[in-house]
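Undergrad: Mind having a look at this structure? Questions to follow.
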Amino acid sequence: MQLLFVCTGNICRSPTAERLTTAWTARNGTVDLTASSAGTRAVVGSGLEPNAAQVLSTLGGDPDGFAARQLTPAIAGGADLVLTMTESHRDRVLRIAPRQLKRTFTLLEAAHLASVTGPATVAELAAARGTVPRPANADVPDPIGQSATVFGDVGGVIDRALLELLARLRC
């Protein structure tokens, strides 16, 4: 299963999620799950923002060798599950890849659905959308321009949501 994480610049939130997922799969011996990321307004070719890189390292991910890339219809359409950082990112994905409707969620929405439904496939998460109340806030805040503490808080939100989702996601 190919997971795609999407944020704005592809230098903070989505690469943090990508690299934490990669670390999780390595720790758990999961070979049928891969992760990548892209940005709706990517800072193409840039590495992680320094505060994001530090937070990622602290959480057990590897920031080395990352290069931001722009979200395209082909990238969005090639994913089995698209996890965005905000509802506006989700809307952007669906504008360029409308066939991904049942495979595109905000990260917090997918984690919430998984916590309620238990182990689930992507199709089962999509089916649960109409039966499970939405989380109060489905957006992961953008830490750009904020303090290192805010970056740490955002990293924690991403890490907790990923742990909730990945433990229950059935490929």
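Just so you know, glycine gets a Cβ as well, placed from its N, Cα and C.
Small disclaimer: the values here were computed from a predicted structure and weren't measured.
According to TrEMBL, the protein carries these features:
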type: ACT_SITE; residues: CYS7; note: active site, nucleophile
type: ACT_SITE; residues: ARG13; note: active site, nucleophile
type: DOMAIN; residues: 1-168; note: domain 'Phosphotyrosine protein phosphatase I'
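How about a rundown of where these features are and what they're close to?
TA: The number of other Cβ atoms within 10 Å of the Cβ belonging to CYS7 (active site, nucleophile), over all protein chains shown, comes to 30.
Taking a C-beta cut-off of under 8 Å and a sequence gap of six or more, ARG13 (active site, nucleophile) has these contacts in its own chain: PHE5, CYS7, ALA52, MET85, VAL140, ASP142, PRO143, VAL154, ILE158.
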